[in-house]
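Here's what TrEMBL has on this protein:
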type	residues	note
TRANSMEM	B:6-39	transmembrane segment
TRANSMEM	B:51-71	transmembrane segment
TRANSMEM	B:77-99	transmembrane segment
TRANSMEM	B:111-132	transmembrane segment
TRANSMEM	B:168-186	transmembrane segment
TRANSMEM	B:215-236	transmembrane segment
TRANSMEM	B:312-331	transmembrane segment
Amino acid sequence: MIKVKDLHKHFGGFHAVDGANLEIAEGSITGLIGPNGAGKTTLFNVIAGVLEPTAGRVTMAGKDITGLPPHELFHKGLLRTFQIAHEFSSMTCRENLMMVPGNQSGERLWNTWFGRRRIANEERALRAKADEVLEFLTIEHLADHRAGQVSGGQKKLLELGRTMMVDARIVFLDEVGAGVNRTLLNTIADAIIRLNKERQYTFVVIEHDMDFIGRLCDPVICMAEGRVLAEGTLAEIKANEQVIEAYLGTGLKNKVNT
Amino acid sequence: MDLLNAIVALSNFVLVPAIAYGSQLALGALGVTLIYGILRFSNFAHGDTMAFGTMATILFTWWFQSLGISFGPLPTALLALPLGILGCMAIVLLTDRGIYRFYREQKAKPVILVIVSMGVMFIMNGLVRVIIGPDDQNFADGDRFIITAREFREMTGLREGLALKSTQGITVITAVIVVALLFWFLNRTRTGKSMRAYSDNEDLALLSGINPERVVMITWLIVAALATVAGVLYGLDKSFKPFVYFQLLLPIFASAIVGGLGSPVGAIAGGFIIAFSEVTITYAWKKVLTYLLPEAWQPDGLVQLMSTDYKFAVSFVILLIVLLVKPTGLFKGKSV
């Protein structure tokens, strides 16, 4: 699905991503783990078109997508969420979701004045869809609240909801679970599994919570210092000496063994 | 009776002119605020964009007048206005394609864009002077007054008259219509919502599939329309002189900043705050006070706080106070 080849992203002398090679299989839920500063988010940003790579290629289903702007990638079905939840703070949660599908007929100036009925029909369908998504995420009571005022965890759900408004092909989730309580985390995990099963979304998940990773992800890729350190099932990764040294630490190793 | 006379005098010299001037400033400030919210820089060329749009409208007005087309009691300029707006849209899109887009692609810092807009300002300023000349141009026609001071005096029997110029009436009515349309557009239409979304959170807007170039283009089109309307109304009410429009930049920016850059409601409020302070501080209050105070207290001087030469200083004092006390402006815009 996505192939990353020899990807470099340098900020001045700092090599945030330093020759990363990886492949994400269609229909998988791939976990991306690694210590802070390993280059996971930078890698996301480069793939999602927010940053231009210094060198290297990214392909999606065989086609080169390196350096395409985010809104074009969006129309190709590549979506992402943010580590720190983003939202249109002055709009309600429902409006936030309704913003998502691109190329709505109301976006053309001509239709704004002369295609009112078409827009109204489209908006009605979107509204129904947004309500459905809110219900799926168990935050239907927040539909009319301003997105800037809901809690951090609820914003994370909203981020996930955004990806459900269109037929995404691949979704990059940047720490969806961070700062979210257990119950909400389970809701998110359920949603991811359902989207993967029912709608064949491919997911790439950055996460530090190993239980969450273990429940969802196969395979798991571990990054460190801008490179891919190891790839395999979570059990394999946990047993990998390099990974333990760079990320998990011996404490966890002992815990795994007991 | 004295109280009524005082109220009429106050309306005639302060309220009515300030409301008209405030509407003009508000329309100008809306343009500045939209550019700031969406393109994220202070557009110093806005005053001259207004001048360009007004010039285009004047040229069309003259053409209409030479063809003998008139708009009855209303100024012919209102008929020419849509054509003037199209002209302004053309030049604004041209500068965006030719100049601003280059810097956008470089992801230039706002401060660079501000300097670029100053360059655009000087070019447009020169262009307007070359085409129409640096002098005063009068293009108002149609009825001059809705009601003259004399008619008002005869009608009411008061000593003070209230003159209502037709341009003042047109200014206020047009401003109300334009603002209503703008707010409907921003809040109710999908395009307007994309603009608000883009202004609110650019990263997320891009990742939601909103095409930035389209949002930017629509913003420029709206700004060109607002600038032309504001410029034409100001020109009808006073007169058209390129240099005056260049100077208008100052109170317009003061309005936008006082209200909160990036906030359309703020721009309107700011426009009226600046207009009312300019007019009240430079007005000679003697006449109003003579009616209100007992004879013993009546003032000898003009009771004018400042000469009208200093009217721009007023907007700057207000601007400074707001920036010191509440840097994001009254309606919580983005901080400067």
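Using N, Cα and C of the backbone, Cβ positions are placed for all residues, glycine too.
If you look at the transmembrane segment (B:168-186) against the transmembrane segment (B:6-39), you find at least three C-beta pairs under 8 angstroms, all six or more positions apart, and that counts as contact. By number of Cβ pairs under 8 Å, the transmembrane segment (B:51-71) is matched best by B:77-99 from the list B:6-39, B:77-99, B:111-132, B:215-236. For the transmembrane segment (B:111-132), the list of distant contacts is 39-45, 47-49, 51-52, 55, 58-59, 91, 95, 99-100, 103, 242, 246, 249: same-chain residues at least six beyond its ends, Cβ to Cβ under 8 Å.
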